[in-house]
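> The ATP binding site feature in Swiss-Prot is assigned to K16, L17, S18, G19, G60, R64, N167, Y173, D176. Taken from Swiss-Prot, the feature UMP binding site covers G59, D78, N139, G140, A141, P142, F143, F144, T145, T146, and the record attributes it to sequence analysis. Feature annotation from Swiss-Prot assigns region 'Involved in allosteric activation by GTP' to 24-29.
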Amino acid sequence: MLKRREPDMFKRVLLKLSGEFLAGDNGFGISPETTAELARRIIGALDGTEVELAVVIGGGNLWRGARNGQGMDPATADYIGMLGTVMNAMALQDAMEAAGKPTRIMSAIHMQQVAEPYIRRRAMRHLEKGRVVIFGGGNGAPFFTTDTTSTLRALEIGADVVLMAKNAVDGVYDSDPRKNPDAKRYEQLTHMDVVEQRLEVMDATALTLCMDKGLPIVVFDIFEEGNLARLLRGERVGTLIQSRG
């Protein structure tokens with residue numbers, strides 16, 4: 001039987017965001033208004049807590065290697081996508097700092113004019129000082145998704161959990177709830193449940209790393225007002241995935 005997390009359990013979290021969250025109604029590019037609203041939600045959730053927050057953001061609003069990179073060298077297409085994540089990190093940093101929250105971007109691909117190089121201990125120090133750390137540039141190597149980067153960075157910085165943010169999907173279902181009105185939502189699962197049932201949570205490399213290291217995952221709808229704040233307080237939101245307790 002799984003043990004559900006208790007309130008105030010989370011001290012340090014890794015929030016995984018889709019780059020498409022920044023696109024707004026256009027579905028592509030960066031909408032300053034949408035990005036500002038996302039920043040507001042994140043900052044509002046942190047207010048009044050001592051939770052340390054790191055963020056990994058994808059680049060799908062700017063580039064998708066499988067679609068945009070057809071005919072290209074696969075590694076080159078992936079590197080273009082990684083550069084896109086730094087662009088998104090800069091947009092999110094700008095929105096968060098405009099709202100008064102100190103942030104730092106750390107990139108696995110060196111570009112010192114816009115981001116600090118990723119150094120694990122420096123990232124942890126920023127978090128201890130109350131800064132939000134946004135990781136860009138993937139993990140610096142092609143052929144890995146930002147899901148895998150999220151898991152890797154979470155383990156490196158000692159995060160308690162990976163929060164997989166979704167839009168209009170409030171957890172993990174046994175089938176696509178947008179296509180099947182009778183789809184069942186899970187409150188909690190084990191990592192092995194996700195593997196055996198082939199549930200779409202994150203890519204296999206990222207999920208295996210979470211399972212091997214016992215890193216919990218919470219899948220939730222970040223655009224449902226108050227969800228992130230409730231999560232950071234330890235309340236039940238979305239679907240919890242963890243090792244068998």
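Just so you know, glycine gets a Cβ as well, placed from its N, Cα and C.
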> For the binding-site residues G59, G60, which one has its C-beta crowded by the most other C-beta atoms within 10 angstroms?
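Within the set of binding-site residues, the most crowded position is G59.
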> Over all pairs in G59, D78, N139, G140, A141, P142, F143, F144, T145, T146, the listed UMP binding residues, work out the largest Cα-Cα distance in Å.
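About 15 Å separates the two most distant Cα atoms.
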> From the binding-site residues N139, A141, F143, T145, pick the residue whose C-alpha lies nearest to the C-alpha of G60 (ATP binding site).
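When the Cα distances are compared, T145 comes out closest.
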> In angstrom units, rounded to an integer, how far apart are the Cα atoms of F143 (UMP binding site) and D176 (ATP binding site)?
27
> Kindly state the mean pLDDT of the region 'Involved in allosteric activation by GTP' (24-29) in the predicted structure.
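Mean per-residue confidence for the region 'Involved in allosteric activation by GTP' (24-29): 88 out of 100.
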> List the other residues in this chain whose Cβ sits within 8 Å of the Cβ centroid of the UMP site residues G59, D78, N139, G140, A141, P142, F143, F144, T145, T146, in sequence order.
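Not counting the recorded site residues, we get G81, M82, G138, T148, T149.
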> Say you check the Cα of N167 (ATP binding site) against those of the binding-site residues G59, N139, A141, T145; which is nearest?
G59
